[in-house]
Amino acid sequence: MYLYILSWSYSCILHGPPFQVGFYYYYYYYYYYYYYYYYYYYYYYYYFVPQFFFQTRDSSSFASAAARRPPPTDFHRMESPAAVEKEAPCAFGGAAEMEKFLCDLLLDAAQPIAERFRALFSLRNLRGDAPRRALLQATRDSSNLLAHEAAFALGQMQDAEAIPALEAVLKDLSLHPIVRHEAAEALGAIGLEKGIPLLEESLASDPAVEVQETCQLALRRIGEGKSASGSENTTISPFLSVDPALPTKQELSVELLRELLLNEQESMYERYAALFALRNDSGDAAVSAIIAALRVKSALLRHEVAYVLGQLQNKAASDALSTVLKNVDEHPMVRHEAAEALGSIADQESIALLEEFSKDPEPIVSQSCEVAISMLEYERSGRSFEVHALSRSTERKSLMVLFCVSCKV
């Protein structure tokens, strides 16, 4: 105990006073390659990759560790000091172990939906067979929300190896339309011509209008992406998303873009293109035009409008999005996007509404609210909802390790 107090005092002299979060005191130390670590009582450690993160080290007993996981606003206590390897490049002993942990978490239906989404968003940042297999398996999950998000992630990753499995999802009429829609959108985002035959078939035969419209978008997206390849008007979005349509290329005014977006006679692709051009403008008039599109006839377009409002995080949209979420007659995919958008805006009224509708009888809606609330809790506690994996090259570089010593106050 005396050694513990002496070491703590010496750290204050050497490194300055600690900063405090709750009952825990934190110090920064710089280490290079693999150094031996020692600890007193309990200690926690984080990586700064670009954002510090943690995970429970003992992934061998995944189910029990997850069951003991505290609420998102608390820090996770390690199982025991013995769980920490003396020569560990990361909290999992390596990228492969963390990858396995995330895959297991994603596919474990017994875990809270928010934790599974955390694994999903983290795997979206990884490459390789294991993340792809886990995400593809998740497209068949009993949670339609998780299944559709897994398909969306594969599209954002633009993983060509996922095309056969995504085609199988699109063809499977037993799956919820929101999942089939996202598989079609993912094929468009990947952008390879091999997806065209099935997209044309589903456009003609799928019974769900939202899936038909998505196939129409994906076919046009593949063609536009090919023609735009190498030009300045490419697929790069200021929001780092692979969008279902490229923004309108012409230098149109906000008023003309608004007319195009709200024109029920215009093609779906042109309306989407106008939507993303307005999003990129992001001015008050553009946001007003986007909000007005929450009343268009197409549920697919309404859901994309809500998604875009979530990207913009403009509080002027709160009332309109709240109205959408409250409307039990609205399509679940639209209410789902409205819930996530309200989570992005995160004012007090939005948070209260999310808590209320986290008990909605429609699982797609209630789970969306639950995930949005969890993401807010992570953000408020200064942590990333995603786990940022270390690449092999990063593991060999210098690391900033955050040593945390548990102190009773």
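Cβ atoms here come from the backbone N, Cα and C positions, even for glycine.
Other Cβ atoms within 10 Å of the Cβ of GLU182 (Fe cation 1 binding site), summed over all protein chains shown, number 30. Residues annotated as Fe cation 1 binding site in TrEMBL: HIS148, GLU149, HIS181, GLU182.
Look at TrEMBL and you will find HIS303, GLU304, HIS336, GLU337 tagged as Fe cation 2 binding site. Listed in sequence order, HIS303, GLU304, ALA306, TYR307, GLY310, SER368 are the same-chain residues at least 6 apart in sequence whose CB falls under 8 Å from the CB of GLU337 (Fe cation 2 binding site).
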Nonlocal residues around HIS148 (Fe cation 1 binding site), in sequence order (Cβ under 8 Å, 6 or more apart)
THR139, HIS176, ILE178, VAL179, HIS181, GLU182
Taking all protein chains shown into account, the Cβ-based neighbour count within 10 Å for GLU304 (Fe cation 2 binding site) is 28
